[in-house]
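Enquirer: I have a structure I would like to understand better, so I am pasting it below and will then ask my questions one at a time.
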């Protein structure tokens, strides 16, 4: 089983020159592997450097030898906290402040036990869809005064929203259980003449799994 692109012709050899499309496809395999937690960000950077320096199929093959091939049956979802464990080398922030400005916390990042967000005449976004969690339970303390904070949580984690809105709104609709073993996110705080919105969206991991499980279309 290999992650390399199909080689053109039965007599193709490892010494055949690789093209830009070949390198791009291998690079995508590596990015997917990092998103699944199979590679650290440092390993991803090292392998991507090697991908774009590769000249032949033989140069590309070792870079994905220890990874599952695209289109293979998806492995069972890891149990417990393993699916959301912290990723070595990923950034970690303890908070975000938007005062007449904005902040964004998104992508692959390690979320601490407590995250504090503050917006005053400004805004902020906290996107947890591809985040990793340092503890089984995370508390987000959000304070929005004449400003707004948007929080995006993946569909498969447990969420408890316990905030208060005064002449503003603190969205409670995303509260609910996740899958067994998922982390818990507790969102507390206050919205005064402002708003805190909480929405559930599919993570990259969920979208990838849905795509892998989708039956092939008939020609």
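Cβ atoms are placed via backbone N, Cα and C, with glycine included.
Whatever TrEMBL says is automated annotation, not expert-curated.
Features from TrEMBL:
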COMPBIAS  199-208  compositional bias 'Basic residues'
COMPBIAS  209-219  compositional bias 'Basic and acidic residues'
DOMAIN    16-68  domain 'DUF1707'
REGION    1-23  region 'Disordered'
REGION    199-219  region 'Disordered'
Enquirer: Summarise the model's confidence over the domain 'DUF1707' (16-68) as a mean pLDDT value.
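Expert: Mean pLDDT, the domain 'DUF1707' (16-68): 85.
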Enquirer: For the compositional bias 'Basic residues' (199-208), give the DSSP counts of helix residues, strand residues and coil residues.
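Expert: When I sort the residues of the compositional bias 'Basic residues' (199-208) into the three classes, I find 5 helix, 3 strand, 2 coil.
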